[in-house]
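Undergrad: Here you go, one structure.
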Amino acid sequence: MASGDYTMNKGDANGRATQKTTQDVTPDRAKWGRPLEFILACLGYAVGLGNVWRFPYLSYKNGGGAFLLPFFLMLIFIGLPIFYLELYIGQYTGLGPLKAFSAISPFFSGLGYCTLVVISIISIYYMIIVAWTLFYTIVSIGGNLGWGSCDNDYNTDFCYSGEYDRVCRENNTENYTDLTFFMRQCMSIGEICERSGFEPLDDKYCLDGNDQVPWYSNITRVLASEEYYNERVLGRGDASWTNWGTIQWHLVGCLFLSWVIAFLCVIKGVQSAGKVVYFTALFPYVMLTALLIRGVTLEGAVDGVLFYLTPTWSTLLEAKVWGDAASQIFYSFGVACGSLVTLASYNNFYNNCHFDAVFVAFANFLTSIYAGFAIFSVLGFQAQLMGVSVDDVAEQGPGLAFVAYPEAILQMPVPQLWSILFFFMLFILGLGSQFAGIEAINTAIVDQWPHLRKNYWRVTAFTCMMCFILGIPMCFSGGVYLLTLLDWNTASWAILLIGMAECVAVSWSYGINRAIKDLATMGMTLNKFLRFYWRAVWTVIVPFGSIGILAFIFSDWTAPAYEDYVFPLFADLLGWAVGLSTLVLFPVGVAWAIYHGYRGKQLFTPTPEWGPAVKAPPVESTQLGGPHDNGGYVM
C-alpha cells in the first residue's frame, strides 16, 4: 500500500493505531465473547481422539500405572511450558503465528510458516478420521451394526465374532470339549489344540509336552469388526502403494459432510466457534461418563481396569517409555502447530492465560486417565467373553476405536445405543479439535490480506473446500497408507523441533527477562517460585530436553507401516520429504531476513511490530498481582 493511500486513526479498541484506507475500512480483529469460551476452545483442541484411543494403550503397554509418572513429568517440563509459551505469544501481541514469530526476531520469521504447514497437513488428514467416526455414527443410527457379522462377501474363514461365539458357548462345561467359534463353525477346544499340534488339557490350555499353552495362542482369528473396518469402511482390499484401488464414495460423502459441519461451526471465526465449544468441549464428558458407568458394571471390567493400572516399575528404566510419554504429550496437547498462538491472539490482553494453561493441561491429563477406565473396563469384559487375556484384545489408535471397542459394544445390552454414544463422542472430539486448526489457517490468510476480514465466511469456505479436496486421495482404498505416512512424519519429530525453536526464540533470542516482564504487563506477576520454574523450563529444560526426546524417537525409529504392510522405500522417502517440508521454511525465513539486510544482532532483535496488543498501562489485579478478566473462569 502506498504511503498516500491511508490515514491514521486515533486507535482501535486495543489501543493500537489503525489504518483507514481512502476506499475501505478494515474490520477490527474479533475477540472471544467470554473468557470461558477461550478455555473451552483450548480444552476442545487439546482433548481429542488421542486421549481415548492412544493414551490408554500406551499406558498399559509401558508399565500400567507406572507410565503415569513419566507422562506427568513430561507434562510439567515439556507440554505445559510450550502450551503456556504459545498462549503468551498470541495474547501479548494479538497476532497470529506468522506475524508474531516474524516480529519477535527476523531470524525466526520462517517459524510461523512452519507451524502453518504442520497444521494444514494435520487438518487435512485428521478430518479423514473424523469422517470415519461420522460413517460409524450414521450406520449406528440406522441400526445396521454390520461389524458383528461373518457372513459378508469380504469376510475370511478366520473371521470371529462374539455374537457367533456366544451361541457356541451356551452349553460349555469348562472342559476341552467346550465349543468356540472358529473357521466359520463351532469347534471344540480339544480339536483346536490337536490342529495346532498340541494335546488337549482343559477349556483354557493345551499341552505342549509338560508346558501349558493357551489354546488360542497358535491360531489365527480375525475379529469381524476388523474385517468390516478394513474392507467395508476403508475398502482396503489388495490396495498398496503401487495399486491405490478405487474411490470409496461413502467416505467422500462423510468427509464432505464433516467439512460442511466444521464450516458452519467456524463460519464467523471465534464469534461462532466460541458458542459451539460449549457443546463440543463439554458434551463428550457426558458421553464418556455414560460409557464408563456402563463399562464398570460389566463382568470382567475389574480385570480390564487392573490390567490398565497395575504398575510395572521396571519399565521406567527403558528409554522408549520416556520417549512414548513425550510423544503423547505433543500428540495430545497439539503444541507447535500455531493453533494455540492463534486462539490466544483473540484474547483480551489482560486475560489470565496462566490459569488457562495450567487448567487445560491438568484437565487434559486427567481426561486421559478417565478415558482409560472407560476403555479398559469394556476391554476386560470382551476378553472374558472371548476367553483370552486383556492383552490379546487391547489395541491402539484406529484398532481400538474401530475394531476392539465396537466388537465389545455388540456384547452389551442395547448395543445400538452404546454404539451411537461412542462414535458420536469420537466425532465431536475430532470435530472440536479441528476448529483451532481451521482458525489458524484462516488467521494466516487474513493477517496477510486484512481486507478479507469483512468477508470472513468466504475465507472459511475456501479453507474448508481446499482441505476437503486435498483429503480426497485418502478416500481411496489405499488412502489409509497416505494418512499413516502423514501422521508418522508430521505429528512426531517435526513438531518437536518446531516446539524447541519456539522456546529458543523467546528465551534465548528475545530474552527470558523480557518475557517475564511481558507477563507482568498482562497482569500475570508471578511469585518467586513460578518465575524460577518458567525461566528454567523455557531456557534450559525444553530446548535440551527436546534434543534428548528426539534421540529417543530416532533410536527406536521404524519404517512406516500399516498393520502387516511395511511401506516400500519410495513411500518412506516421501514421508521424510513431508516431514522436512514442515521445516524447510525456517531456513528460507533466515535467508529472507539476510537478503533484506538483517545482520548480526539485528537478526535476533524484535521488529517494531512486536509489542503489546494494548498500549494502556496495566490495571491492578486481585490475583497473581495483575489485571485479568477471568480470575478462575468467569461466565
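Using N, Cα and C of the backbone, Cβ positions are placed for all residues, glycine too.
From TrEMBL, here are the annotated features:
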- 1-26: region 'Disordered' (REGION)
- 16-25: compositional bias 'Polar residues' (COMPBIAS)
- 38-55: transmembrane segment (TRANSMEM)
- Gly44: Na(+) 2 binding site (BINDING)
- Ala46, Val47, Asn51, Ser332, Asn364, Leu429, Ser433: Na(+) 1 binding site (BINDING)
- 67-89: transmembrane segment (TRANSMEM)
- 110-135: transmembrane segment (TRANSMEM)
- Cys150-Cys159: disulfide bond (DISULFID)
- 247-270: transmembrane segment (TRANSMEM)
- 282-309: transmembrane segment (TRANSMEM)
- 329-346: transmembrane segment (TRANSMEM)
- 358-381: transmembrane segment (TRANSMEM)
- 417-438: transmembrane segment (TRANSMEM)
- 459-484: transmembrane segment (TRANSMEM)
- 490-511: transmembrane segment (TRANSMEM)
- 532-554: transmembrane segment (TRANSMEM)
- 574-595: transmembrane segment (TRANSMEM)
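Mind mapping these onto the model and telling me what they sit next to?
TA: Close to Gly44 (Na(+) 2 binding site) in the fold, though at least 6 residues off in sequence, lie Val277, Thr280, Ala281, Gly432, Ser433, Phe435, Ala436, each with a CB less than 8 Å from its CB.
Residues within less than 8 Å, Cβ to Cβ, of Asn364 (Na(+) 1 binding site) and separated from it by at least 6 positions along the same chain comprise Leu43, Ala46, Val47, Asn51, Ser332, Phe333.
Cβ atoms under 8 Å from those of the transmembrane segment (67-89) belong to residues 42, 46, 55, 58-59, 97, 100-101, 104, 315-316, 321-322, 324-326, 328-330, 332-333, 335-336, 340-341, 343-344, 347, 353-354, 356-358, 360-361, 365, 368-369, 499, 502-503, 506, 515, 518-519, 522, 534, 537-538, 541-542, 545-546, 549 of the same chain, restricted to positions at least 6 beyond its ends.
With a 10 A radius on its CB, Cys150 (disulfide bond) counts 20 other CB atoms from all the protein chains.
Long-range contacts of the transmembrane segment (282-309) within the same chain: residues 40, 47, 52, 56, 59-60, 64-65, 367, 370-385, 390-391, 394, 412, 418, 421-422, 424-425, 428-429, 432, each at least 6 residues beyond the stretch ends and with a Cβ under 8 Å from a Cβ of the stretch.
Residues of the same chain lying 6 or more positions beyond the ends of the transmembrane segment (459-484) and with a Cβ under 8 Å from any Cβ of it are 120, 123-125, 127-129, 131, 234-237, 239-241, 243-248, 251-252, 255-256, 259-260, 262-263, 266-267, 269, 438, 441-442, 445-446, 452, 560-562, 565, 567, 571.
For the transmembrane segment (532-554), the list of distant contacts is 77-78, 80-82, 84-85, 319-320, 322-323, 326-327, 492-493, 496-497, 499-500, 503-504, 506-508, 512, 515-516, 526: same-chain residues at least six beyond its ends, Cβ to Cβ under 8 Å.
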Undergrad: Determine which residues of the chain contact the transmembrane segment (110-135) at the Cβ level, with the cut-off under 8 Å and only residues 6 or more beyond its ends counted.
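TA: For the transmembrane segment (110-135), the far contacts come to 49, 96-102, 233, 250-251, 254-255, 257-259, 262, 336-339, 341, 398, 401-402, 423-424, 426-427, 430-431, 433-434, 437-438, 440-441, 444, 467-468, 470-471, 474-475, 479, 482-483, 486-487, 490-491, 494-495, 498, 501-502, 505, 578, 581-583, 585-590, 592.
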Undergrad: Is it the case that the transmembrane segment (358-381) and the transmembrane segment (38-55) have 3 or more CB pairs under 8 Å, with pairs at least 6 apart in sequence?
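TA: These two segments touch.
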Undergrad: Tell me whether the transmembrane segment (490-511) sits in contact with the transmembrane segment (417-438), defined here as at least 3 Cβ pairs under 8 Å among residues 6 or more apart in sequence.
TA: no
Undergrad: Around the Na(+) 1 site formed by Ala46, Val47, Asn51, Ser332, Asn364, Leu429, Ser433, list the extra residues of the same chain whose Cβ is within 8 Å of the site's Cβ centroid.
TA: Leu43, Gly44, Tyr45, Gly48, Leu49, Gly50, Phe333, Gly334, Thr367, Ser368
Undergrad: Would you kindly list the residues that approach the transmembrane segment (417-438) from elsewhere in its chain, counting only those six or more residues past its ends and only Cβ-Cβ distances under 8 Å?
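TA: The answer is 41-42, 44-45, 47-49, 51-52, 119-120, 122-123, 126-127, 129-130, 133-134, 136-137, 140-141, 145, 258, 261-262, 265-266, 273, 276-277, 279-281, 283-284, 287-288, 290-291, 294, 334, 337, 339-340, 342-343, 401, 405-406, 409, 460, 463-464, 467.
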Undergrad: What is the separation, in Å, between the Cα atoms of Leu429 (Na(+) 1 binding site) and Cys159 (disulfide bond)?
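TA: Leu429 (Na(+) 1 binding site) and Cys159 (disulfide bond) have their Cα atoms 31 Å apart.
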Undergrad: Taking the Cβ of Cys159 (disulfide bond) as reference, which residues of that chain separated by at least 6 in sequence fall under 8 Å from it?
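TA: Set apart from Cys159 (disulfide bond) by at least 6 residues yet with Cβ under 8 Å, we have Cys150, Arg184, Val222, Leu223, Ala224, Glu227.
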Undergrad: Once the chains shown are all counted, how many other Cβ atoms turn up within 10 Å of the Cβ of Val47 (Na(+) 1 binding site)?
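TA: Around the Cβ of Val47 (Na(+) 1 binding site), 27 other Cβ atoms lie within 10 Å.
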Undergrad: Taking 10 A as the limit, how many CB atoms besides its own sit near the CB of Ser332 (Na(+) 1 binding site)?
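TA: If we count other Cβ atoms within 10 Å of Ser332 (Na(+) 1 binding site), we arrive at 24.
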